[in-house]
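Novice: Handing you this structure, nothing more for now.
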Amino acid sequence: MDIDYGKCWDTSKKSWKSTLILAYQSLGVVYGDLSISPLYVYKSTFAEDIHHSETNEEIFGVLSFVFWTLTLVPLFKYVFIVLRADDNGEGGTFALYSLICRHAKVSLLPNRQVADEALSTYKLEHPPETKNSSRVKLLLEKHKFLHTALLILVLLGTCMVIGDGLLTPAISVFSAVSGLELSMSRDHHQYAVIPITCFILVCLFALQHYGTHRVGFCFAPIVLIWLLCISALGLYNIIHWNPLVYKALSPYYMVKFLKKTRKGGWMSLGGILLCITGSEAMFADLGHFSYSAIQIAFTFLVYPALILAYMGQAAFLSKHHHTIHKIGFYVSVPDCVRWPVLVIAILASVVGSQAIISGTFSIINQSQSLGCFPRVKVVHTSAKIHGQIYIPEINWILMILCVAVTIGFRDTKHMGNASGLAVMAVMLVTTCLTSLVIILCWNKPPILALGFLLLFGSIELLYFSASVIKFLEGAWLPILLALFLVTVMFVWHYATVKKYEYDLHNKVSLEWLLALGPSLGITRVPGIGLVFTDLTSGIPANFSRFVTNLPAYHRILVFVCVKSVPVPFVPPAERYLVGRVGPAAHRSYRCIVRYGYRDVHQDVDSFESELVSKLADFIRYDWYKTHGIIDNEDDGSRSGASSGECRLTVIGTLAFSGTPAFELEDNVQLASVSVGFPTAESVTDVIEMRPVERRVRFAIDNESEVDSREEMDTQLQEELEDLYAAQQAGTAFVLGHSHVKAKQGSSMLKRLAINYGYNFLRRNCRGADVSLKVPPASLLEVGMVYIV
């Protein structure tokens, strides 16, 4: 596979100036969290487990650990390896999961179609599979419990990112504000730091609804000034206090440190690992920048600045063994610049907090798109910059929990223990998923994936073990939060899949729909009826229930399926799959609307009008194709179409207007050409079309064809007039109002999850009508009880 395929930014065609500008912009978004770690790493490390002595073995050992941890994990692991495992330019946990799902059949997403593999963002160049990689693939595909285990692993990583979004603002702002302890008495400091920290956190969360693009215009300059500031302070302390501190970068000092401190040294690793908090942001925010920009920014600015900052602090502490002040960042700052540095540190901590909060919003939105999180309100705060979102409910919950953590813990030690565990859990998940990507997607020998897993996994497990051992000293918080969130997400996903399976087994045949008519007392009323369903084929049970209780349905009937596919984006030209349900005279259609996990769902006004436009384009295309006026290559691929469920066609950007002339431009970009693919439920469900450029040939009428051509034009015009007349008459949205119950004989755990857990979440989250922005006056809800 070409690992640079599908990147949003083609850096080979851009100037170095553009790449450097992107690298500069990435400072405020990507590196805010990572750059403020010098505020609390040494303070957390020396909080209790080890003590600084006259021999300097402890401080030099910690510096050596910090240097090699920063070198191996952010630099080698993320910059040189993990960043290459992008999904069409997108990064993060779900990007790795979607890559794995596209290369092996391990996805648990409902209404999955094999036809989705024709998407341009889905297709990848596959090198020949090796026997070993195919064995791993077959093993994963064979065992269903491995699919579930993989999903739980992804959900666990997602929950730890959310936990990091809760803990990072607390520890970063608290550590920055704690610099006041050197400028006031202990009594005043005790009563000042907590209120000031809480005030800053409340202001930070209160400003979220304005959007990052409004409050973040100065983020990059702040982080740049902060990095230059800690670099200058580091150089000053090295030159002034201990120029020989560079010797501590040798791995020898790590061994010496562990020999002397033993168990205390191992437990102190829970503080050392905080030096790499925020490293995951390099991968998670890859979609907003280029690989080269993130690589340049970290390698040539962030990494050297952090190393200098830690070396400078170690150089100062190596000459100051007194205990007048606790070990921390501000003790190494000269008195003459302490106040300016304090202000810059607080601003930088706010920037770092903003980045992780935005990342939390993003990953919850992705979880919701893939059916793994209850529906919440998502506000897109920028019409120009994609991906900048705000989720009110999550924002206020995070604010309350963040303030509670600050007031409850009240010190860097407990916050550091909690934050460290969350960070290492996310990194372990990324390491495991990347190992699978190396085998399944890059088709490398399993020995390379195993080497990657053992090298970085062992480092992260060492740090993770040091965090877990401090369960009672703060590490319990991310574990408790993750268990709660994983339970919520898995219950929601499990019930969603069960509902889909119930719909699939209880769908009605096409013959039943076609048999409905005046003889049965069924009437067709003016207007368009949009029947929303999760099914990609067949007639949903909620529609049969609707017709049974109200023996009438609309003149134009459209079965709409809004579904997510395991790609970050679906191009607009490939979003709508449209086909007929029954003959043309029945005026029934099926429309599948596909979104990626990072796509912005359109509001209902544009959706309704665009849907009618796509239906009109499909009607024209279908009539022209049926009568041989449009002739495409690949015509033989239709043989797999079902006689009942007509082929589905990708309706893209080409609009057919009016009756075609005898000639058209020789090179026309059609939105689609016919390609046959089965769905997951049936091998003869749909024929789908894939966007490529084709030549369109129009047949020239001769005298024998004039009559049939005129008849076709008349029928086409009638169908279009029916469509537009129905649009003028109004649109009704038919949605199912479901209640889910566990069937008799189910286990106690399943009954608790379905009858109480899922139904409680469903009642207290946003309804489908609100998520789809259906006008209340046009909503028709059909009550359904699902026995799963």
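Just so it is clear, glycine is given a Cβ too, placed from its N, Cα and C backbone atoms.
As annotated in TrEMBL:
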| type | residues | note |
| --- | --- | --- |
| TRANSMEM | 21-42 | transmembrane segment |
| DOMAIN | 22-514 | domain 'K+ potassium transporter integral membrane' |
| TRANSMEM | 62-83 | transmembrane segment |
| TRANSMEM | 145-168 | transmembrane segment |
| TRANSMEM | 188-207 | transmembrane segment |
| TRANSMEM | 219-239 | transmembrane segment |
| TRANSMEM | 264-284 | transmembrane segment |
| TRANSMEM | 296-317 | transmembrane segment |
| TRANSMEM | 337-364 | transmembrane segment |
| TRANSMEM | 385-409 | transmembrane segment |
| TRANSMEM | 421-440 | transmembrane segment |
| TRANSMEM | 447-469 | transmembrane segment |
| TRANSMEM | 475-495 | transmembrane segment |
| DOMAIN | 526-786 | domain 'K+ potassium transporter C-terminal' |
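Show me how these features fit into the shown structure, please.
Specialist: Beyond the ends of the transmembrane segment (21-42), by six or more residues, the same chain brings 9, 59, 62, 66, 74, 168, 171-172, 175-176, 212, 216, 218-224, 226-227, 230, 271-272, 274-279, 281-282, 285, 288-290, 292-294, 296-298, 301-302, 305-306, 309-310, 313-314, 317, 327-329, 345, 348-349, 351-356, 358, 412, 416 to within a C-beta distance below 8 angstroms of the stretch.
Away from its own ends, the transmembrane segment (62-83) comes close to residues 34, 41-42, 45-46, 91, 245, 248-254, 257, 268-269, 272-273, 275-276, 279-280, 282-283, 286, 291, 294-295, 298-299, 303, 306-307, 310-311, 314, 427, 430-431, 434, 452, 456, 459-460, 463 of its chain (Cβ-Cβ under 8 Å, at least six residues beyond either end).
Residues 24-29, 31-32, 35-36, 38, 245-246, 301-302, 304-313, 315-316, 332-334, 341, 344-345, 347-348, 351, 354-355 of the same chain, all 6+ positions outside the transmembrane segment (219-239), place their C-beta atoms under 8 angstroms from a C-beta of that stretch.
Beyond the ends of the transmembrane segment (264-284), by six or more residues, the same chain brings 29-35, 37-38, 40-47, 49-50, 61-62, 65-66, 69-70, 73-74, 78-79, 82-83, 91-93, 161, 164, 168, 257-258, 294, 298, 306, 310, 352, 355-356, 359, 362-363, 416-417, 419-421, 423-424, 426-427, 430, 462-463, 465-467, 469-470, 475 to within a C-beta distance below 8 angstroms of the stretch.
For the transmembrane segment (296-317), the residues of the chain that approach it from at least six positions outside its boundaries are 19-20, 23-24, 26-27, 30-31, 34-35, 37-38, 41-42, 52, 56, 59-60, 62-63, 66-67, 70, 74-75, 79, 224, 227-228, 230-231, 233-238, 240-243, 245-246, 248-249, 275, 282, 327, 329, 331-332, judged by C-beta separation under 8 angstroms.
Long-range contacts of the transmembrane segment (337-364) within its own chain (CB-CB distance under 8 A, at least 6 residues past either end) are made by residues 28-30, 32-36, 39, 92-94, 158, 161-162, 164-165, 168-169, 172-173, 175-177, 179-180, 182-183, 200-201, 204-205, 208, 212, 215-216, 219, 222-223, 225-226, 229, 233, 278, 281, 284-285, 329-330, 373, 376, 387-391, 394-395, 398.
Sequence-distant neighbours of the transmembrane segment (385-409) (same chain, 6+ residues past either end, Cβ-Cβ under 8 Å): 165-167, 169-170, 173-174, 194, 197-198, 201-202, 205-206, 208-209, 211-213, 287-288, 357-358, 360-362, 364-365, 376-379, 415, 418, 474, 477, 598, 600.
Here the transmembrane segment (421-440) has Cβ contacts under 8 Å with residues 73, 77, 81-82, 85, 93, 96-97, 99-100, 103-104, 132-133, 136-137, 140, 153-154, 156-157, 160-161, 163-164, 167, 270, 273-274, 276-277, 279-280, 283, 446, 448-450, 452-453, 456-457, 460-461, 463-464, 467-468, 475, 478-479, 482 of the same chain, all six or more residues outside its ends.
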